[in-house]
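Notes follow the structure.
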Amino acid sequence: MADEDPEQHSDEETNGDDLEETASGTEPTELTDISGVGESKADALREAGFESVEDVKAASQDDLAEVEGVGNALAARIKADVGGLEVDEETEAEVEDEGTEDETEAEEDVETELQARGLTEKTPQLDDEEARLLGERHRINKPAFKRQEYHKKKRTPESWRRPRGGLSKQRRRFKSRGPVVEAGYRTPTEVRGLHPSGFEEVYVENPSDLEGVDGDTQAVRIGSSVGGRKRERIEEDAESAGIRVLNPTYVEVEVNADE
């Protein structure tokens, strides 16, 4: 059996010691041994009065951050490497407060839905004849009058136009070509032009337009050009006067679990 080389054995012991020293994590002895600190950063620290690692360890993170070229991020990295990184009590309190706020927000996360503002369920006062005619108008099943051959060309709109062609099958009343507008499709005179709910529509653009509106038989429709603030005033005045708004604003409200 050959004798072992003493030099080789010595090298193996040295390498083993180096590995153990690296694994245990030695503390830096020079400024350049600190993580993130090179020659230029070390010179800047020395100019600022931090001559040794002990000086850096004794300094606060804010003091290190004020050194030219260091900054707050590198200062935190330096303090972490020398083992002097401490979290202020105020910072810990802020973190705890943020966690509490997040928990509170999660608890306050309630279900909501959109609801119309105003008297949306109000119905008009109709006599028996008007109610009967209004129901008849609903039962008439008025067709949707559409322009002939609107389905053949994409550029042709659906809006009604009277057919004028000499060979037009719609003009000649071919059933497959759809109905043609004529007098027999009109609704009863007494309820003609009324809203499907039975109210007579009144167009308003200002709160003053509500004067003279009968809330029992009339309802208002707010103009599309009216802004949000004026619309809100109109809706508030209409609700106070017992007038229904046919195109109300929808607001988000909380939904109770009991309902």
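For all residues, glycine too, the Cβ spot is worked out from N, Cα and C.
TrEMBL has this to say about the protein:
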COMPBIAS  40-57  compositional bias 'Basic and acidic residues'
COMPBIAS  86-112  compositional bias 'Acidic residues'
COMPBIAS  139-155  compositional bias 'Basic residues'
DOMAIN    29-48  domain 'Helix-hairpin-helix DNA-binding motif class 1'
DOMAIN    62-81  domain 'Helix-hairpin-helix DNA-binding motif class 1'
REGION    1-63  region 'Disordered'
REGION    80-193  region 'Disordered'
Same-chain residues at least 6 beyond the ends of the domain 'Helix-hairpin-helix DNA-binding motif class 1' (62-81) whose Cβ lies under 8 Å from its Cβ atoms: 28, 34-37, 40-41, 44-45, 47-48, 50, 56
Over the span of the domain 'Helix-hairpin-helix DNA-binding motif class 1' (62-81), how high is the average pLDDT in this prediction? 80
